[in-house]
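Student: Pasting in a structure now, in structure tokens, and then I'll have a few things to ask.
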Amino acid sequence: MGLEWSSPGERQPLLYPGGPRAPRVFGRRWLVLLLFSLLAFLQGLVWNSWGPIQNSARTAYNFSGLDIALLVLWGPIGFLPCFLFMWLMDNRGLRVTVLLTALLMVLGAGLRCVPVQDLAVRRKLIHGGQLLNGFAGPTVMNAAPFLSTTWFSPDERATATAIASMLSYLGGACAFLVGPLVVPAPNSTSGLLLYSGSVGAIRDRIEAVMYAEFGIIFVVFAAILAYFPSRPPVPPSVAAASRRLSYRTSILRLLSNVRFLLIVLAYAIPLGFYAGWSGVLDLILTPVHVTQVDAGWVGFWSIVGGCVVGIAVGRFADSIRGVLKPILLLLFSGAALSSTWFTLTFLSNVTHLPLTTATLYTSCILIGVFLSGTVPIFFEMFVETVYPIPEGITCGVVTFLSNLFMGVLLLFLTLYQTNLSWLNWCLTGSCFLSLLFIACFRESYDRLYLDVFVSV
């Protein structure tokens, strides 16, 4: 009877037949992790290039508010072919997928550097370059759990996932720092601007940043081309050596799994809104007279704090297994309170909360620490919940939905740019909604059970 309700792939034994092969880890796993993390870092850096310097970009290239929002929107739009990259990772492995991703980033960064005098054409080239960089997003955001399972032992997986997934966010954070510090604001009265001319100096600095990013991306692409194997000679764990479901079966199983959909919404809504919110943080803080440089520092430290906490929490999860849900509840409680504080600060006339640089810094940094810190824990929980569905497919569906919510938020931003306080309310509401979803979620650790209780 049961055979009628299962596919041929699901009736295959989970473990491959044959003699025992003791799991083993290789030192080269750290090189693979380093190259992938560098690629993820650069993709995040390029994606967030324009939001932190939106005032300078308007002056240098005559970008409109719609252009700035669209430059950020190319990130989630780039996730439209996400399912193609998921199929490629599942069928061709890490090397082919990561190489294609790096090539798209090289082409995108190069397109932004084409020296054209016509500003209308230059704007189109920059938009095209951002779109190509957006197409690299599915791999750098999805592949971290797949890479950690393929190369790392069970007591290192959460740490490897945290490092690989957090570096993309760290790249976005460094854009908050690099852009405002290198590119002068249009209202600057520095000697450089007085000597070189405001518009020309700003444009030269922006182009210098784009040339530097292109050069670094090309070097990383060359390194990946030289050495980036899909898998180690011997699997590092029982889970890495086990069979997985087919692509079609995996998609159907994911979409029919209510527990998975519940925890996916708990991730996709707040993290998607947070990505869109942080991408236009400069616009949000402009009405309260926060300068471009100060907004950059706020964005930088909020994401850096989240990256540090995410990696630390990942290491903690490796040390004490089976506590992913309590960690998420703790982090989202902090995120909900911090986002509420930030939102109410903008209503100081009603709430009488002090609106100062210190309160903005503190509340923004806490939001980033708590929300970004949940990413690697979520990824590990997704994989544990739906195992033996491949990690790349699982996280592909998750990040596609996250970018869908980010795209919806930014789409509304292109339509309504007068008062951006509604963005703060969206972020706060999404944190409380996610907290409810996590509290209702029933956790399981199927992959961990296989590694702990089954020996090859």
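Along the chain as shown, the residues are counted starting at 1.
Every residue, even glycine, has its Cβ placed from backbone N, Cα and C.
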Student: Tell me whether Leu360 and Arg442 fall on the same side of the membrane, as recorded in Swiss-Prot.
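Tutor: Judging by the topology that Swiss-Prot records, the two residues are on different membrane sides.
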Student: Need a quick answer: max count of Cβ pairs under 8 Å to the transmembrane segment (132-152), which of 68-88, 208-228, 260-280 is it?
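Tutor: Result: 68-88.
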Student: At a 10 Å cut-off from the C-beta of Asn62 (N-linked glycosylation site), count the other C-beta atoms across all protein chains.
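Tutor: Excluding its own Cβ, Asn62 (N-linked glycosylation site) sees 13 Cβ atoms within 10 Å.
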Student: Three or more CB pairs closer than 8 Å, sequence separation of 6 or more: does that hold for the transmembrane segment (260-280) against the transmembrane segment (96-116)?
Tutor: no
Student: Let me check one thing: do the transmembrane segment (363-383) and the transmembrane segment (208-228) come into contact, meaning three or more Cβ pairs under 8 Å with sequence separation of at least 6?
Tutor: no
Student: Specify the count of other C-beta atoms within 10 Å of the C-beta of Asn419 (N-linked glycosylation site).
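Tutor: For Asn419 (N-linked glycosylation site), the count of other Cβ atoms within 10 Å is 8.
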Student: Quick one: pull the CA-CA distance for Asn419 (N-linked glycosylation site) versus Asn62 (N-linked glycosylation site), whole Å only.
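Tutor: Here the two Cα atoms are 22 Å apart.
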Student: Check the topological domain 'Lumenal' (184-207) for me and report the mean pLDDT.
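Tutor: It averages 67.
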Student: With DSSP, how much of the topological domain 'Cytoplasmic' (153-162) is helix, how much strand and how much coil, in residues?
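Tutor: Helix/strand/coil tally for the topological domain 'Cytoplasmic' (153-162): 6 helix, 0 strand, 4 coil.
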